[in-house]
Amino acid sequence: MSILLIDLSSQELRQEEIELLEHPLVAGLILFSRNFYDIEQIRHLIRSVRQKVKKPLLITVDQEGGRVQRFRQGFTQLPAMQSFACLLSDPQEQQEMAWRAGWQMAAEMTALDIDLSFAPVLDLGHQCKAIGDRSFHYEEKKLIELAEKFIQGMRQIGMSATGKHFPGHGHVLADSHLETPYDDRAKELIFAQDIRPFQSLIKQGLLDAVMPAHVIYTQCDNQPASGSSYWLKEVLRQQLGFQGAIFSDDLGMKGAGFMGDFVARCTQSLQAGCDLLLLCNEPEAVVQVLDRFKPQESQNKRIIRQTRLNKLFKKQRIDWQTLRNQRDWLENHKKLTALQQDWLAYKGYDN
């Protein structure tokens, strides 16, 4: 059973990491800024993983744009998602730029032989420390319009879309990287606002995966959504009819600590309905989980999980140099970089 996504410690693949990646529980890999020096180095690292690990691995990254962009030097400066509606007055231009950003991000990552970037963020509003300008908008209708275009751009390249952080991380001030946030709003309000983007995009068949939040919604359930069968099985699967893959958010984050030690976090998230579990920045915990985590599942559930995983691999391979010579890439690079520069200037002025 392959369910874990783990990470690497540096810019080179070590022998002990090859052994971890070949463990039967490991389904994939997530890359971070510490794994990146320049384009040639990251291409070599990914090529090493593909060649030396003797099984298919889902290689992933957080390359959303704005402040969450793991690879920078030599890549397009993707604008923060908030910038589209904030800086561009024409709705058609907003949507066009969102499409360009989704296409550009997916094209650059696919050219590196990366399968998936965990995007887009579907959280409403900008007040949450962990979300901020990663959110498209504070109003669900506008957010849905822009997210649709971003995803359509990704899909043009053949990359799957992951909506996060279900059912919505935008209305808590605390950062789940550092603590477990609590959202005390009424259930009716969450369903009337935060869930709408997920609901709409699922109905349109635009989400291939969903990542739940490490947030406790106190008026709905006493567990974080990432470890809650109410949110994942009852709401996401049954009420919204979602049939794609469910990723846990990083179980190494402090926000997941509510569920116990690392093995307990994996156990609870899996039982709650997650298909794939991320465990990052905790190398000792990875070894502990691989040694002690013994998930029990029926053959049918394993087949369903593997089918969902298989659908997330990239649909095509793009040559890096060919991409950079394309007219579309060059035009997008110029426009998106300019918008991000305008956004940084705007934020500096605003502060």
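Glycine is treated like the rest: Cβ placed from N, Cα and C.
What you are looking at is a predicted structure, and each value in this text was computed from that prediction instead of being measured.
Arg134 is the residue from Arg14, Arg134, Arg196, Arg237 that Swiss-Prot records in the substrate site together with Asp62, Arg70, Lys164, His165. For the binding-site residues Asp62, Arg70, Arg134, a Cα to Cα distance of within 10 angstroms from Asp249 (active site, nucleophile) holds for none. Each of the binding-site residues Arg70, Arg134, Lys164, His165 was scored by other CB atoms within 10 A of its CB, and the lowest score goes to Arg70. Shown in sequence order, Ile30, Val68, Arg70, Ser117, Phe118, Ala119 are the residues of the chain, 6+ apart in sequence, with a C-beta less than 8 angstroms from the C-beta of Asp62 (substrate binding site). DSSP assigns Arg134 (substrate binding site) to a helix.
Other Cβ atoms within 10 Å of the Cβ of Asp249 (active site, nucleophile), summed over all protein chains shown, number 28. In the three-state DSSP scheme, Arg70 (substrate binding site) falls into the coil class. In the three-state DSSP reading, Asp62 (substrate binding site) counts as coil.
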